[in-house]
Amino acid sequence: MLILSFLCPAFLNAQIVTDERMFSFEEPQLPACITGVQSQLGISGAHYKDGKHSLEWTFEPNGKLELRKDLKFEKKDPTGKDLYLSAFIVWIYNEQPQDAAIEFEFLKDGRKCASFPFGINFKGWRAAWVCYERDMQGTPEEGMNELRIVAPNAKGRLFIDHLITATKVDARQQTADLQVPFVNAGTTNHWLVLYKHSLLKPDIELTPVSDRQRQEMKLLEKRFRDMIYTKGKVTEKEAETIRKKYDLYQITYKDGQVSGVPIFMVRASEAYERMIPDWDKDMLTKMGIEMRAYFDLMKRIAVAYNNSEAGSPVREEMKRKFLAMYDHITDQGVAYGSCWGNIHHYGYSVRGLYPAYFLMKDVLREEGKLLEAERTLRWYAITNEVYPKPEGNGIDMDSFNTQTTGRIASILMMEDTPEKLQYLKSFSRWIDYGCRPAPGLAGSFKVDGGAFHHRNNYPAYAVGGLDGATNMIYLFSRTSLAVSELAHRTVKDVLLAMRFYCNKLNFPLSMSGRHPDGQGKLVPMHYAMMAIAGTPDGKGDFDKEMASAYLRLVSSDSSSAEQAPEYMPKVSNAQERKIAKRLVENGFRAESDPQGNLSLGYGCVSVQRRENWSAVARGHSRYLWAAEHYLGHNLYGRYLAHGSLQILTAPPGQTVTPATSGWQQEGFDWNRIPGVTSIHLPLDLLKANVLNVDTFSGMEEMLYSDEAFAGGLSQGKMNGNFGMKLHEHDKYNGTHRARKSYHFIDGMIVCLGSDIENTNTDYPTETTIFQLAVTDKAAHDYWKNNAGEGKVWMDHLGTGYYVPVPARFEKNFPQYSRMQDTGKETKGDWVSLIIDHGKAPKAGSYEYAILPGTDRKTMTAFAKKPAYSVLQQDRNAHILESPSDRITSYVLFETPQSLLPGGLLQRTDTSCLVMVRKESADKVLLTVAQPDLALYRGPSDEAFDKDGKRMERSIYSRPWIDNESGEIPVTVTLKGRWKVAETPFCKVVSEDKKQTVLRFLCKDGASYEVELEK
């Protein structure tokens, strides 16, 4: 049974959960099953972690506390389907640290089966989550019926609370610390290695601090302070809000001991996942006892203290409140050496901790608590991880997001010592290597501008990571600790790419990860920080490109912080305005909307931009997943990267958003993501069946294709193409296949499909040309009269469609759907244009062209004389030419077995993407790309079940994920003799009057181009 607690003082000390396995000691009498040997036992209100009481155990040397009852230990699932393990969970309070340990022993009928030691050299609360079968000595047995706690060879007193004899928990997350350093010893998860990394030693020598270095330390401290704090005033309203929030925690002192409402990290609730019905992972947050709000209040108090007048009553009040909260949270176990049993993803919970302590550095010094506070910050920021020289480029995006601020705060908290200098040198080196292009699917930044998390390009995580990266690049800029030019330029390129694929600020739907809600955006402040960090080579005080990009982006960022998703960094509008003013005063002006073409090999993404519109294609492959689904996140977005093409647009002069582009969540048919060729399923069948498939992953679904060919080519950064072999995973409709291509030529996008097939006889297969929300009167009036016939269609947003194949128009007023996160029913008015391939199609195909930002007259003329002609459209290749643009675009799915149509390009020796542009009678621009990232070669690394079906496996289990992209030679044969300036990636194999043979060395899914001259 769960006893819920609500956000009011009367309930904040209620016992969290009652269960026969849980001991919280809230009854006045000792439980009958608990006895002691050479011990005094009692119920105490002096210290408590759950409810208002704990068990007080005063022991003589080698005394024992015994609990006799069925411990409810369960063995791990022998079938391997359930990966959870039985864990013992306990909180211990110690008033007097002892360099000793107590021993927990688990017995069956008096015979010891398993045990573990717990160090007691601490003051305050500490926790242990210890898995019986993995972490303990001995062999646990079902039916164990006694817990014995054995004291060390010394007197002492401990308080015990929130003891759970056994409960099944996710076995990945238990955390070692100073008390239980042996727990989960094999983990390399970066959230869980606090203890291991606390032992790391520096490889940079200690040196005296020079005068210049001392000045730089002051500069760093000032820059950091300005970054996290903007001077303001403390209003009476703000002071009153702080008082009310502070009073909720009921912090009091008695006999020199602090007490108050128990505080937990959000993940502590995972102890109850298998104990209570309707378990809610966020229950502790809802109960008001989670530490994120606590640290946010500490930061708020620190800001109020800094904003108030010296010697004023409110300043003294804020100081008292801050110190009381500091004492209480330290007592609660937020201290050096403590990991609360389960600490995964704690970065978000302690985000406010670091700036709060840093802003009160002087107060903590005055109170003699600075050293303790420093150590606390260094422990949770895992600052010692920066000591060894990085072995390779890149770090996890979460480290940038949640650890950079903590690490630099923990270092800048220190006095100006040689140790501080050593930390600063180590830290700047760590940031430098972290910002460099990472190999394979490793985090965080890619050579092409991709920003990686969860082994894919993931803007929603990148905005948090870029917050850390850009802040640190600025912090160290123009000092002896500045990052390298490569690191600086890599992050700059990531931001330039992001402002290209976002329009104006919003992520494309297909690039929204598990948040396809239209709310994710880039953060203009990142561009501001890079603008004032100067040029990558360190020569310029400002970066012109970043300044111009920032001034364009910030002008339209009128969204309120309240509307922003939780993962978006919080930004001060005052700071935005201040930097914008500074840049304008220095002569910088906003850039125009970016134009051209971008291909992200590490995102399976192609983007074409003209005027204010963008077209974003996304696919997936054997390297890059199609969609990320969690329980309660992205339930229906299976087809997001099945060759989708989203047009983001707005009337001239308006800011482009999902809404101006005809998208909203209400009523959106998740089957009909524009551009996608998919089986149109009932939403119950489309809903992700989220599983925990292996020990490398949690409850999540990220499905892969077994095809390596998926990605784009970009020619001269102005035009391009995109192709993919679509093969759906066997988890759902594994017989579904298609060959899809997009050809981006100036303001025209030609969309081709062939070889569409599956054996699903229950539901039709469709290619969606558009699906648009109809949200206002003008749009309703527009569609009343229909907006197309035959081959020509115009939507109400100014986009034209040329469709030379039979298509079906649907007007669904209303159309019913479901929310991506809750599954709750929604409705809206929508129009769709689709190509129906029928049920279980064989050799299906389609052809259409899109012209955004056009008019009916132009479209009518286009239909009479299309600006392109298709030369080949089959399983082997999609090839077209645009005579007016003098471009021929090749998507070669298979190695050509005969001469290719189109003139210049005769053969290639492998599948690839090619674009040829005739620049003059004697000059040609040739671009070649191999979309296969080649992280491994040969057949796809699938595992098959007994029926020969591809099994679902997590990306994290694959051994090749951190491999460098391999080089793939692509040999092209051109008609006639051509002169080529050789490059490291392009060599002439042979040439004569009849033909010229070139060999390109392709990697990273990148585009390589050369100029050919007669």
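Every residue gets a Cβ built from N, Cα and C, even glycine.
Note that the coordinates shown come from a computational prediction; the quantities given were computed from them, not determined experimentally.
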According to Swiss-Prot, S24, E26, D50, H53 bind Ca(2+); which of D109, D135, D161, D170 is also listed for that site?
D161
Same chain, 6+ residues apart, C-beta under 8 Å of the C-beta of R514 (site 'Transition state stabilizer'), given in sequence order:
A460, A627, E628, H629, Y630, H633, N634, G637
Same-chain residues at least 6 apart in sequence whose Cβ lies under 8 Å from S24 (Ca(2+) binding site):
Q15, I16, T18, D50, G51, H53, D161, H162, L163
Roughly how many Å lie between the Cα atoms of H345 (active site, proton acceptor) and E26 (Ca(2+) binding site), rounded to a whole value?
31
Cβ neighbours of D161 (Ca(2+) binding site) where a neighbour is any other Cβ within 10 Å:
25
Return one of helix, strand or coil for E628 (site 'Important for catalytic activity against all substrates'), based on DSSP.
strand
State the Cα to Cα distance, in Å, between R172 (site 'Important for catalytic activity against all substrates') and H344 (site 'Important for catalytic activity against dermatan sulfate substrate'), rounded to an integer.
9
Can you grab the distance from H344 (site 'Important for catalytic activity against dermatan sulfate substrate') over to H454 (active site, proton acceptor)? Cα atoms, rounded to a whole Å.
15
I'd like to know which of these recorded positions, H53, H344, H345, H454, is least surrounded, judged by other CB atoms within 10 A.
H345
I need the neighbours of the Ca(2+) site defined by S24, E26, D50, H53, D161. Which other residues of that chain put their C-beta within 8 angstroms of the C-beta centroid, in sequence order?
Q15, F23, F25, Y48, K49, G51, K52, S54, H162
Looking at Cβ-Cβ distances, which residues of the chain lie under 8 angstroms from E26 (Ca(2+) binding site) while being 6 or more apart from it?
Q15, G51, K52, H53
